[in-house]
Amino acid sequence: MVREVLERLMRGENLNFSEALATMNELMEGKYTEAQVAAFLVALKMKGETEEEISAFALALREKARRVITQTEGLVDTCGTGGDGRQTFNISTAAAFVVAGAGIPVAKHGNRSVSSRSGSADVLEALGVNIDLDAKGTARCVDEIGIGFLFAPNLHPAMRHVAKTRREIGVRTVFNILGPLANPANIVGQVLGVFTPELQETLAKVLNNLGVERAFVVHGHGGLDEVSLTGPTRVFELNRGKIDSYLFDPLSYGFSYCSLRDLQGGDAFENARLLQEILDGKPGPLRDVVLLNAAFGIMAGGVNDFREALVMARESIDKGLAAEKLEKLRRLSHEIKEAG
């Protein structure tokens, strides 16, 4: 099957859902050699991935994952594809705590850095959170405190079959897209930032195929895989099967534009300091961009009005609720690890 799939991709032919599902299952079971994995990823990238292929690949990853089974319903994730090359501060990670502080349960799926100096796992580790939990421990965090961090390597063991090849070929592949789609908790809402606007409509459709009810697929001004504060953001909104697109402008909600430099961070420890300062109430562009992204996360959790969601995001920070979520996650993640 490997040779047939490669030949078809190199001819520019698309795989149907069942073919794509079978192919990803074989990849995740280690049935491809490293050379075949590389050939598959490059051929697929050159052809261009379809909605059907991405949906099947994501479903295969979810089925191979260690499921995070929670008692909590209405879970939301805030994440990006990475790969925008803009070296921004960990905006979606900070926003996750603000969303949780507003009462929306968060299952934050993430990993170490892909394209920046600090991925979500890196900054949380620098903040003192124990990221090395199994599925059961992560579910306990979500159920007890309303937020948990789903560390991808612990929950997607089958990814080891492609990890080395991904690193060595050194270019963006379908796996950069699949990471945010493969959350092993039963999320119903998502804010998904993408590195190119060409992916937005496709990924909104994929999220619908995967059973997500409310999602915002965003590509911000300046090429950000976040809701931007440097200019407007193109949004594709999924709401129970219906997809709309529009331009979101922060100026309409009383914010001022900033420069890209204002949103950039440093290494994991610098970003940890910045994140803690935001949750502790420090004003400025970083707080503002986190508020915007958190408001979309709150809407993904079921709030319909953006202004109302923005009020909830501000209160989450100003009343110390977001900072409290971080402190509780820090404490509980270590308690769980020590208990074994």
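Every residue gets a Cβ built from N, Cα and C, even glycine.
What Swiss-Prot records for this protein:
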BINDING   Gly80, 83-84, Thr88, 90-93, 108-116, Ser120  5-phospho-alpha-D-ribose 1-diphosphate binding site
BINDING   Gly80, Asn111  anthranilate 1 binding site
BINDING   Ser92, Glu226  Mg(2+) 1 binding site
BINDING   Arg166  anthranilate 2 binding site
BINDING   Asp225, Glu226  Mg(2+) 2 binding site
So of all those binding-site residues, Asn111, Arg166, Asp225, which one's Cα sits nearest to Thr88 (5-phospho-alpha-D-ribose 1-diphosphate binding site)?
Asp225
Among Gly80, Asn111, Arg112, these being the binding-site residues, pick the one whose CA is nearest to that of Asp225 (Mg(2+) 2 binding site).
Gly80
Find, among the binding-site residues listed as His109, Arg166, the one whose Cβ has the highest number of other Cβ atoms within 10 Å in the structure shown.
His109
Taking Cα atoms as reference points, which of the binding-site residues Asn111, Arg166, Glu226 is nearest to Gly80 (5-phospho-alpha-D-ribose 1-diphosphate binding site)?
Glu226
According to DSSP, folded down to helix, strand and coil, what is Asp225 (Mg(2+) 2 binding site)?
coil
In DSSP terms, helix, strand or coil for Arg166 (anthranilate 2 binding site)?
helix
